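Annotated in TrEMBL:
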| type | residues | note |
| --- | --- | --- |
| DOMAIN | 1-376 | domain 'Ammonium transporter AmtB-like' |
| TRANSMEM | 75-97 | transmembrane segment |
| TRANSMEM | 104-124 | transmembrane segment |
| TRANSMEM | 148-170 | transmembrane segment |
| TRANSMEM | 182-201 | transmembrane segment |
| TRANSMEM | 213-234 | transmembrane segment |
| TRANSMEM | 328-349 | transmembrane segment |
Amino acid sequence: MTPGVAFFYAGLAGEEMASNTIMMSFVSMALVSIQFWAFGYSTAFGSNGIFVWSGYINVGQSPSGTYDTEIPHTLFAFFQTQFAMISPALLSGGIVGRMKYGSFLLFIFLWTSLVYDPLAHWMWSLKLDDSWAITAMGWEGKMGSLDFAGGTVIHISSGFGALAAALMVGKRYNHGEPVKPHNVPLVMIGLTLLWFGWFGFNAGSEGAADGIAATAAINTHLAASAGFLTWVCLEFVMSTKFDPCGAATGAVAGLVAITPACGYVYPWASVIFGVVGAATGFTAIHMKNHLRYDDTLDSFAIHGCTSTRTSRVVGAFYGNGAQFTHQLVSQCVAAAYSFVVTIIILYLIKITIGLRVDEDNEVNGIDLTYHGGFAYDYKPQDYAVKTENSDSSDFFIVGAPDQS
């Protein structure tokens with residue numbers, strides 16, 4: 001799924017930052033995988049201290065006896081790594097094109113260690129009690145808060161982290177101008193990977209091939225479909241256009257919305273989650289334009305706002321008034337914790353190695369500064385249509401891109 005985020009975000013971003021946007025997601029995949037292997041998995045799920053499963057020591061091919069007891073422990077650890085590495089990739093959408101790449105590397109390492117790992121521990125960590133029964137170990141799990149596949153742990157944390165990062169890094173030099181997607185097919189390829197990958201994301205969280213996993217899969221698909229159609233309708237009312245990038249964003253909002261509830265609710269309810277998720281994301285994006293914060297690719301709107309709205313609704317469809325309260329408490333704590341700790345991490349980076357690229361590099365293209373060239377070996381302005389002495393509309397190069 002993380003490559004899906006890379007392509008989705010890169011297509012939505014400007015072409016001068018496409019490589020940087022892709023590299024933010026892929027470096028999250030690589031760096032967080034090593035972090036999770038070294039100590040992150042043990043921090044999030046271990047019960048006897050930070051080093052109990054560091055380096056996957058004692059993580060063998062047999063079931064753990066605590067987590068997903070029908071699959072090998074190594075497979076569970078691998079699955080949870082996918083959750084950890086996608087979270088900072090989602091967050092990166094709030095700051096693309098204007099943060100130093102080295103600073104970003106340090107940031108995602110610290111953010112995963114200090115934000116994601118503790119939140120995963122609070123919600124999902126388990127232990128064997130004195131009677132050998134599996135019980136919750138983290139305080140949110142003990143309270144009874146529900147998060148089937150990461151609505152709070154992943155989407156609220158990354159969404160509010162994106163908001164904090166956008167505020168700390170600051171606005172783009174041309175803030176106020178709309179961010180125009182430069183590659184619609186790339187957006188749709190990213191959506192394809194995300195939509196398909198989300199089946200594993202949600203259904204796989206059951207840890208078994210059973211009825212709950214099947215319900216989670218169909219709920220995931222219905223919510224994405226409802227989100228897609230809801231966004232199309234809302235955008236048509238606003239602009240009389242059927243924008244493919246908007247529709248893709250609506251599908252992602254539907255996927256985000258159903259994530260905390262996919263294994264708990266009936267299929268008819270998943271349609272409601274998809275509609276509410278897309279409507280929430282659509283409204284949040286339009287509010288952003290009035291509030292003037294610069295969340296470049298709307299990570300906060302789609303992941304933070306949407307998941308905040310639907311995570312607590314789990315209590316209305318699965319539980320009672322007490323469950324609603326548990327959901328509200330856990331999501332408020334997760335949002336506040338992620339926001340505050342992200343601010344602290346970025347402030348420390350800012351006063352040491354700095355956060356922001358200078359304006360010249362931002363204007364000329366961050367791809368050239370940090371990645372040695374642009375994502376494409378041409379730019380649209382470097383091409384012209386051949387119109388003389390030709391029956392075709394072939395293109396020819398009239399000038400190589402200036403990458404000096």
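Glycine is no exception: its Cβ is also placed from the backbone N, Cα and C atoms.
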Highest-contact recorded stretch vs the transmembrane segment (148-170), from 75-97, 104-124, 182-201, 213-234, 328-349, CB pairs under 8 Å: 328-349
Stretch with greatest number of CB pairs under 8 Å, the transmembrane segment (75-97) reference, 104-124, 182-201, 213-234, 328-349 candidates: 104-124
Top partner of the transmembrane segment (104-124) among 182-201, 213-234, 328-349 - counted as Cβ pairs under 8 Å: 328-349
Average pLDDT across the domain 'Ammonium transporter AmtB-like' (1-376), rounded to a whole number: 93
